[in-house]
Amino acid sequence: MKYPKKMRTHCPKCNAHTEHKVQKESSGQARSDSWGQRQYKRVKKGYGGQPRPKQKGGPKVSDKTVIVLECTECGKKHVRTGPRTKKLSIGE
């Protein structure tokens with residue numbers, strides 16, 4: 001899906017409808033030693049079958065995109081959830 005480089009939308013800081021620069025947010029590296037991962041490893045250890053029931057249904061086909069909007073007036077950035085797409089191109 002194509003998304004514009006600039007768009008006019010509401011800025012919560014200016015409290016006005018201003019032009020914003022559009023960027024696509026990329027997800028960061030997942031922490032391998034987060035509390036949930038440590039807990040899951042602990043549960044998974046030892047002899048036995050699945051520690052938790054297997055999920056029913058398949059995974060979603062695509063992810064929801066995260067769009068960062070930066071106000072050209074004040075420079076404040078805020079995040080908006082974009083459409084569910086496989087590929088998002090910003091420009092044109």
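Residue numbers in this text run from 1 along the chain shown.
Each residue, glycine too, has its Cβ placed from N, Cα and C.
Annotation source TrEMBL lists Zn(2+) binding site at CYS11, CYS14, CYS71, CYS74. Among the features that TrEMBL reports, compositional bias 'Basic residues' is placed at 1-11. TrEMBL lists 25-37 with the feature compositional bias 'Polar residues'. Annotation comment: TrEMBL describes 50-60 as compositional bias 'Low complexity'. Among the features that TrEMBL reports, region 'Disordered' is placed at 1-62. Taken from TrEMBL, the feature zinc finger covers 11-74.
Comparing Cβ neighbour counts within 10 Å across the binding-site residues CYS14, CYS71, the minimum falls on CYS14. Annotation for CYS11 (Zn(2+) binding site): spatial neighbours HIS17, THR18, HIS20, CYS71, GLU73, CYS74, LYS76, HIS78, criterion Cβ-Cβ under 8 Å with sequence separation of six or more. Sequence-ordered, the extra residues of this chain that approach the Zn(2+) site, with Cβ no more than 8 Å from the Cβ center of CYS11, CYS14, CYS71, CYS74, are PRO12, LYS13, ALA16, THR18, THR72, GLU73, GLY75, LYS76. The helix, strand and coil residue counts that DSSP assigns across the region 'Disordered' (1-62) are 10 helix, 17 strand, 35 coil. Averaged over the zinc finger (11-74), the predicted model reaches a pLDDT of 88. In the three-state DSSP assignment, the secondary structure recorded for CYS71 (Zn(2+) binding site) is strand. The Cβ of CYS74 (Zn(2+) binding site) has 12 other Cβ atoms within 10 Å, all protein chains considered.
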